[in-house]
Amino acid sequence: MGSGEWVVVDGSMGEGGGQILRTAVALAAVLGRPLRIVNIRAKRRPPGLRPQHLTAVRAVAAISGGRLRGAEVGSTSLEFTPGRVRGGRYRFDVGTAGSVALIIQALAPLLAYSDSPVEVELTGGTDVPMAPTIDYMREVFASILAMLGYEIEIRVLRRGHYPRGGGRVVVRVPDPPGGFRARSFVERGPLKGVYVRSHAVKLPGSIAERQARSAASLVRERLGVDPIVEIEAYKPHRDPHLGPGTGVLVWAVFGETVMGGDSIGKKGKPAEVVGREAAESLLEDMATGAALDRHMSDMAPVYLALAGGVSTVFGARLTGHASTILELLRIMVDGFEYRILEGGLERPFKAELRGAGVSPR
């Protein structure tokens, strides 16, 4: 399929969610391939584009100089004709508490192919339901991308929680690599350290401390390791956040990978449960022997499909998201192939990914 030929993606494939839309539009921008998506979120209620999806699509279009048709709330089809990915400074508002992390997922692949340094400021939710937390993106996602030769900086200026939002995050790519290295994630290597970051904003700092104690206690019990703990809390008169919220990230740094687990608080949910959930997520994934946790098992294949060469991954869980994205990559990226070597849906898995070696256009 030539770069000028339209690729048609059925948005109802697999789980049929917003991740198909975000990933397809990002890939179209990288590949310079016009894209038509039909049946957008057909399995969701209500179907069609929601405001947070529009932000991702419009951000990709702005940075790649692309044209959009059908980019409106409720639309079940969309056409995107990309231009060239340009560096510079951009600013996007995700809405009251739309996930900043999901916008970063959409933008990160194409920022690597920018023709010059690029900086993007995002306003919205940093720690919201149904998405990785911003700390996960900073400590795990960015670390894994660095192992693929891609340095992406994620700086949090202010957190934003549901429903108020108002978080501010700056994403910088000072030296776009123009592609990615193939790399296998099968062996973890020696454990170098475990870390806990617990935050509470517009709330007593004792909540952040209770979350951290709960997470750290479980890590000590299961791993026999004392984690390094960081508490983020604010005095009431110096707290810049718009609304209350809490969250925890627990992450483990190994010689060959980084893995993490996160959780966010909500009204009525004890702080101890928040901390325990984050630690349990990491510890469950570590117990499988995998080198990529459940979140990165979803996200890493996009970069490995664009990389030059063969990568083998051992992921903690082949989620429905990951399975759908692998099929989308096969449709959109000429030359990409994959094989599931072991495991299956919702189980630990090993996969071989043969990347297409995509270079800047």
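In case you wondered, yes, glycine gets a Cβ from its N, Cα and C as well.
Taken from Swiss-Prot, the feature active site, tele-AMP-histidine intermediate covers His321, and the record attributes it to similarity to another entry. Long-range neighbours of His321 (active site, tele-AMP-histidine intermediate) (same chain, six or more residues apart, CB within less than 8 Å of its CB): Gly14, Glu15, Gly17, Gln19, Asp298. His321 (active site, tele-AMP-histidine intermediate) carries a helical DSSP state (H, G or I).
Summarising the annotation, Swiss-Prot assigns ATP binding site to Gln105, His295, Met296, Ser297, Asp298. DSSP assigns His295 (ATP binding site) to a helix in the three-state reduction. Of all Cβ atoms in the shown protein chains, 30 besides its own fall within 10 Å of the Cβ of His295 (ATP binding site).
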CB contacts for Asp298 (ATP binding site) [other CB atoms within 10 A, all chains]: 25
Which same-chain residues, if any, lie at least 6 apart from Gln105 (ATP binding site) yet have Cβ under 8 Å of it: Gln19, Arg22, Thr23, Met299
Remaining residues near the recorded ATP site, that is with C-beta within 8 Å of the centroid of the site residues Gln105, His295, Met296, Ser297, Asp298: Pro132, Phe141, Leu292, Asp293, Arg294, Met299, Ala300, His321, Ala322
